[in-house]
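S.K.: Annotations per Swiss-Prot:
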- His36: active site (ACT_SITE)
- 15-138: region 'Acyltransferase' (REGION)
- 233-646: region 'AMP-binding' (REGION)
- 258-277: transmembrane segment (TRANSMEM)
- 409-433: transmembrane segment (TRANSMEM)
Amino acid sequence: MLFGFFRTLFRILFRIRLTGDTQSLQGERVLITPNHVSFIDGILLALFLPGRPVFAVYSSISQKWFMRWLAPLVDLVPLDPTKPMMIKHLVRLIEQGRPVVIFPEGRISVTGSLMKIYDGAGFVAAKSKATVVPLRIEGAELTYFSRLKGLVKQRLFPQITLHILPPTTLPMPDAPRARDRRKIAGEMLHQIMMEARMAVRPRETLYEALLSAQDRYGARKNCVEDINFTPDTYRKLLTKTLFVGRILEKYSQKGEKIGLMLPNAGISAAVIFGAVSRGRIPAMMNYTAGVKGLTSAITAAEIKTVFTSRQFLDKGKLWHLPEQLKQVRWVFLEDLKAEVTTADKLWIFAHLLVPHLAQVKQQPEDAAMILFTSGSEGHPKGVVHSHKSILANVEQIKTIADFTAKDRFMSALPLFHSFGLTVGLFTPLFTGAEVFLYPSPLHYRVVPELVYDRNCTVLFGTSTFLGHYARFANPYDFFRVRYVVAGAEKLQDSTREIWQDKFGLRILEGYGVTECAPVVSINVPMAARPGTVGRILPGMDARLLAVPGIEEGGRLQLKGPNVMNGYLRVENPGVLEAPTAENAAGEVETGWYDTGDIVRFDEHGFVQIQGRAKRFAKIAGEMVSLEMVEQLANALSPEKMHATAIKSDASKGEALVLFTTDSELKREQLLHYAREHGVPELAVPRDIRYLKQLPVLGSGKPDFVALKSMVEEEEHHDA
């Protein structure tokens, strides 16, 4: 009677929805593992789950006054991680056929993300051989019963959904010690919980995700700031988005690919969202690629119109680009204000009231954006990402990291770089954090000063950029920073050490590829291991293909919701080439992406990058990683830049060429260091060439195509 009353009351107030297969909750041995976001989670499950499950509640919670009130109505078992007998009691209950509910986090989330997962819950699942049913509670975190005050826009009665996910099992880990089995079981359950979050992510477009963020965090919440030092709220960003979207229609057609050549600025975010809301596909133009690289991009994506800014071209000294690239129409943002009519203003005002109507009909799987590869190994390729793939990568990042609305991101990597776009713009916007967009990562003195001045808590960049920031920064500049993330190139030991010694900060290294939107794996405070790039993100499948000559590891292939729709190539303009990869049996499979990177997984699933398959030399029958050669040079000369190329060799097949900006670096030094540290002598180049400055790409990485050309030109000349 009382249960029926409260069930009806909650259903009316919170519009409770129960999704999934409830039959999976009624098996012989069932362990239900929900996330924990509010004080009413237990009440919700007691009222709406079928049957009468036993609730395992941590002792610190079970002794509260409201739990005493619930005790006569539901079956409670106090859980104390320090008392093994309680774990055994839960195992017996499951073996007797009672469904048991355990909140594996053991406490209510204070970040909105998953908290630490206690090993005990995983051990119970493995020991009892239970069917594990993950359950996601969505919406309760927005109530006043959550602990997210100040992080989300709380409300009295938000809609709450209980998602029952497909059941799974958790086998007892094969480890010699009970402590290890318990720990591994906890990690396995953590993975199940993360996969559950990914499984219930909303089906949205980028524009809809912006509206959802405004609704979740509040229209008046600051979200974007640039060097004008006037932050935009979600409401103001939406207004600019509607304005730009309306005007872009006059210069393009629905479904057309339009070039964007813009700096890191608030208006750039508005142009991106404005374009996608009206069904245009922004192609992010890499202005550092030069006329040749941009010509390839324009051809591959069949771009007819490029939107840019006069002020940007002035400050960047880039006027030679529109002067030489006459095959496209150039439209300047400064001219758009003059295009606004009274009808446009009325349209914008009306759609501020009903912003969902501003989006033209489209699906999350439709093409949303085009990014271009760096061209480090040939012509730049257009990488077509859908709304789904970009938002999946953002959700993967949110699942493993605890970014909140109190964070402030410093984003200096350009938006044409996939790392800068996803991690530097979309991730903060969709987590309620504020982002400061700065137009250049090369201002090594300015960036640390802005991190200090704007109270930034999250900084990311390449190893090269982070190393320069550390050298020029005051030891107090990063006093508020809690996340420093390195990607796009291998993190150098010298960079890691200076950040630890000077600032007391641990750099978290990650790995990504443009084709995966881009983050594939990343170390986070909850799961970090030096010398690795973290674990593969939840929601992704990974496999290794054996490579002749490589004893440990193999070529990494990936499949998941964040993988691109396909390539656009210069050789076949405008035609989408879906991702495919050849499996171990030699069969071509669609949906898989071959990274071309040689990696290995350690015993805990952390990824170690060995190098690119194309960046190995075969010397006297042995495979030598070019990255190993560069690491050798970096160890002796960390202040300089080094890059390795390959030349043909009559006696050994191939030989190494080391390009360096250190005029004092000699083979004898490299050989001595290699012998001391167990590096094979084959990895020590005989041909060392000094360059005052290495050719580099816009991302800061060496231009290996240019270096290869230099080697080939010399070989041709010698011939």
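The backbone N, Cα and C atoms fix where each Cβ goes, and this holds for glycine too.
Can you walk me through where each of these features ends up in the structure?
M.R.: Counting Cβ atoms from all protein chains shown, His36 (active site) has 22 others lying within 10 Å of its own Cβ. In three-state terms derived from DSSP, His36 (active site) belongs to neither a helical nor a strand segment and is classed as coil.
Here the region 'AMP-binding' (233-646) returns a mean pLDDT of 90 for the predicted model.
Same-chain residues lying 6+ beyond the ends of the transmembrane segment (258-277) with a Cβ under 8 Å from its Cβ atoms: 205-207, 210, 224-228, 232, 237, 240-246, 248, 251-252, 283-285, 287, 297-298, 301, 303-309, 312, 315-316, 318, 321, 328, 333, 358-360, 368-369, 387, 411-412, 414-415, 420, 424-425, 429, 437-439.
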S.K.: For the region 'Acyltransferase' (15-138), how many residues does DSSP put in helix, in strand and in coil?
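M.R.: Residue counts in helix, strand and coil order: 45 helix, 30 strand, 49 coil.
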